[in-house]
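Heads up: the structure comes next, in structure tokens.
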Amino acid sequence: MINQLINWQELSPQQKNSALARPAIADSALLSTQVANILSQVKNQGDKAILALTEQFDGIALSTLSVSSAQVAQAKLALTDKRLKAIHTAYKQIKSFHSAQTASDITVETTPGVKCTLKTEAIESVGLYIPAGSAPLPSTVLMLGVPAQLTGCQRTVLVCPPDKNGQLADEILVAADLCGITEIYTVGGAQAIAALAYGTETIPAVNKVFGPGNRYVTEAKTQLSQQVAGFAIDMPAGPSEVLVIADGQANPAFIAADLLSQAEHGVDSQVILLSDSESLISKVSTEIAQQLTLLSRCKIAEQALKQSRLILTKDLAQAVEVSNEYGPEHLIIQTEDAPTLLSKLRNAGSIFVGAYTPESAGDYASGTNHVLPTYGYSKVISSLSLADFSRRFTVQEITKAGLQSLAECIIELTDAEGLDAHQRAVTIRLEEGS
């Protein structure tokens, strides 16, 4: 269970840092070496290594890596109407919100004869990594696939570990089809990321890879982003987390449910409650104990709760300060004066306002993206959006008159920096025909 209540007012600066400390991410030299070995095998042996590693780690001997269009068609027939409707509804919701993010080119004439343009273009090829654990994750397919589709990436490749029969879940294939993804491969783990970075006989390399994964996948993404020229990753990955700010009028059952919904993700997940009401905190603690027994993943949630926090603050203003310092992945506000708090909150991956806005809605169907910065990265990294699937570059066009108007400035600054060739690139143009 969660450790006893923490009174923020009574903590020293060092104790406050400890109270907000996140679970340590294992940094193993052995892991690094193991992943480096996998990457080397894929780089040098291509498909042969992929098939061998899949048999080694997934226990399945595959004859092919590609998923056929016939398999996708069969998946549509295999799912119930109810399951299909849910996937389509989530797709529609996510597409609706993300469609509004489409960027337009910006052109400014900074001075007469000097035109500057900011252009946005889709990344040409992207890879989407979809984990496969105890259940399929079609929501992750949609959260990654919809932005890629709307941005207009020329190639979108999906990789996912095969099940014990060498297949991908029907939900994965249906969600991928909705997003217009036709390149689908049954490969997972570090070897999948290596295939996307280096390319193999079957899987062409991509420019950028997206998606969560275990520590082998995370390590592979990190190593490859540093080794392969032009290969990028989405964002640093860490354990899932949620922070709730609540006042005395909040519903303790709702709060407990929200905290447990994150705790069940993994034993390294962290959940935090900040409140100015000791009575509410006590009620939430009781609710957690009661609801925990109802969960199929209660053992996992129970482990996560050991590194979680129930914090009593002087007032809600102090709760906001603590939240901004922590910078949670998910931030839930359940207070009567939520708009006032919202205006002061700066660091969060995604914010959920009001009693009827569970974090689960954002995970699946509200329309926002559930790929969010964790481990405090919300202070510097944004939630996933169309911007992550595109890149921007500038274009400038200058007339002779425009260059003449800038010449004095450029000549003086190049003189200050001692860059004669830069200066001459300007003067030679103005001397011509003068």
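Cβ coordinates come from backbone N, Cα and C, glycine included.
The record from Swiss-Prot ties Gln262, His265, His422 to Zn(2+), and of the options Asp170, Asp177, Asp337, Asp363 it ties Asp363 to that site too. Site annotation (Swiss-Prot): substrate is bound by Gln262, His265, His330, Asp363, Glu417, His422, and the candidate from Ser240, Ser296, Ser308, Ser390 recorded at this site is Ser240. His265 (substrate binding site) falls within neither a helix nor a strand when secondary structure is assigned with DSSP, and so counts as coil. Under the three-state DSSP scheme, Asp363 (substrate binding site) falls in the helix class.
Recorded residues Gln262 (substrate binding site) and Gln191 (NAD(+) binding site) have their alpha carbons 28 Å apart, per Cα-Cα distance. Long-range Cβ proximity for Gln191 (NAD(+) binding site), meaning a same-chain Cβ under 8 A and a gap of 6 or more residues, is found for Ile38, Gln41, Val42, Ala49, Ile50, Leu53, Thr54, Phe57.
Considering only the binding-site residues Tyr129, His265, Glu417, the residue whose Cα is spatially closest to the Cα of Glu329 (active site, proton acceptor) is His265.
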